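Participant: Below, the features straight out of Swiss-Prot:
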| type | residues | note |
| --- | --- | --- |
| REGION | 1-38 | region 'Disordered' |
| COMPBIAS | 20-36 | compositional bias 'Polar residues' |
| BINDING | TRP115, TYR141, THR142, TYR143, ASP194 | substrate binding site |
| DOMAIN | 172-278 | domain 'Fe2OG dioxygenase' |
| MOD_RES | LEU177 | (4R)-5-oxoleucine |
| MOD_RES | LEU177 | (4R)-5-hydroxyleucine |
| BINDING | ASN179, LEU180, TYR181, ARG269, ILE270, ASN271, LEU272, THR273, PHE274, ARG275 | 2-oxoglutarate binding site |
| BINDING | HIS191, ASP193, HIS257 | Fe cation binding site |
Amino acid sequence: MEDKRRRARVQGAWAGPAKSQATAQPAPTAENNLQQRPGKAWMNKEQHLSDRQFVFKEPQEGVRRAPEPRVIEKEGVYEISMSPTGISRVCLCPGFVDLKEADSVFEQLCRDVPWKQRTGIRDDVTYQQPRLTAWYGELPYTYSRITMEPNPHWHPVLLMLKNQIEENTGHSFNSLLCNLYRNEKDSVDWHSDDEPSLGRCPIIASLSFGATRMFEMRKKPPPEDNGDYTYVERVKIPLDHGTLLIMEGATQADWQHRVPKEYHSREPRINLTFRTVYPDPRGAHW
């Protein structure tokens, strides 16, 4: 036992004095940290931040954005698209009816036209059209499952306007659909005037009186978009008191149009849409 104690004392002498646990260690500094060798996940310690190169990779598929609407305000003829169907064209003529005459026409039509709110059917659900309408023509006209009965009793003012449009455009018409938008809440939803009774590439002459409303158009999407209108071309045309707008060519085949509701107060507006209706679609110009 005594030999074991002696050997332990000898071994302890070689260890030297024990270090106190209270001895303070130097605090790590930013300089010390920078001198430490980083792990494999970081860069070489001698490479500066400014020397690093970041390589931007283009996405494999481009970001698709909806185009900004084209606004048409000035008088002129505009080809808005071209497709295998043909050229879609609109002609804008502000002030076609001068201000004094337009005021008189508006007052007479508000008073004399037999305006009526009709019931439409959409997705087998009936609804009240958010506007008043009237029909003039020797033939009936059916759209949105609504049939307008023949009405050959043209108001003299309407006949005068029809003749004036025909003389200035070279087009002839035999029918007229009248629309009265009573206020900002009245509207017409997206549609095309492409009923079979109108024939192929129908010409529509639209004459406006009263408050200015925005006429909007959107191009029909290609088949691969499966009816998605998100990225289609769009056109906006403000229609003022006395303005004439002609839609022709493939416009009804390739585009839709509407007059949307508005958030701000609007006075009444009358829109006259002259067109040609054929008695037998098989005899139309297809």
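Any Cβ shown, glycine's included, is placed from N, Cα and C.
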Participant: Need this for a regression test: recorded positions LEU177, ASN179, TYR181, ILE270, LEU272, PHE274, filtered to those with Cα within 10 Å of TYR141 (substrate binding site). What's left?
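Facilitator: Of everything listed, what lies within 10 Å of TYR141 (substrate binding site) (Cα to Cα) is LEU177.
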Participant: Listed recorded positions are TRP115, THR142, TYR143, LEU177, HIS191, ASP194; which of them have CA atoms within 10 A of the CA of LEU272 (2-oxoglutarate binding site)?
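Facilitator: Matched recorded positions: LEU177, sequence order.
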Participant: At 10 angstroms around each C-beta, which of the binding-site residues TRP115, TYR141 has the fewest other C-beta atoms nearby?
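Facilitator: Per-residue Cβ counts within 10 Å for the binding-site residues TRP115, TYR141 bottom out at TRP115.
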Participant: Over all pairs within TRP115, TYR141, THR142, TYR143, ASP194, the annotated substrate binders, what is the largest Cα to Cα distance, rounded to whole Å?
Facilitator: 24
Participant: Neighbours of the Fe cation site HIS191, ASP193, HIS257: Cβ within 8 Å of the Cβ centroid, same chain, sequence order.
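Facilitator: For the Fe cation site, the extra neighbours are VAL188, TRP190, SER192, ASP194, GLN252, GLN256, ARG258.
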Participant: What Cα-Cα separation, expressed in whole Å, is found between TRP115 (substrate binding site) and ASP193 (Fe cation binding site)?
Facilitator: 21
Participant: Name the residues of the same chain, 6+ apart in sequence, whose Cβ is under 8 Å from the Cβ of PHE274 (2-oxoglutarate binding site)?
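Facilitator: Looking at Cβ-Cβ distances below 8 Å from PHE274 (2-oxoglutarate binding site), excluding near sequence neighbours, one finds LYS162, ILE165, PHE173, SER175, LEU176, ILE204, ALA205, SER206, LEU207.
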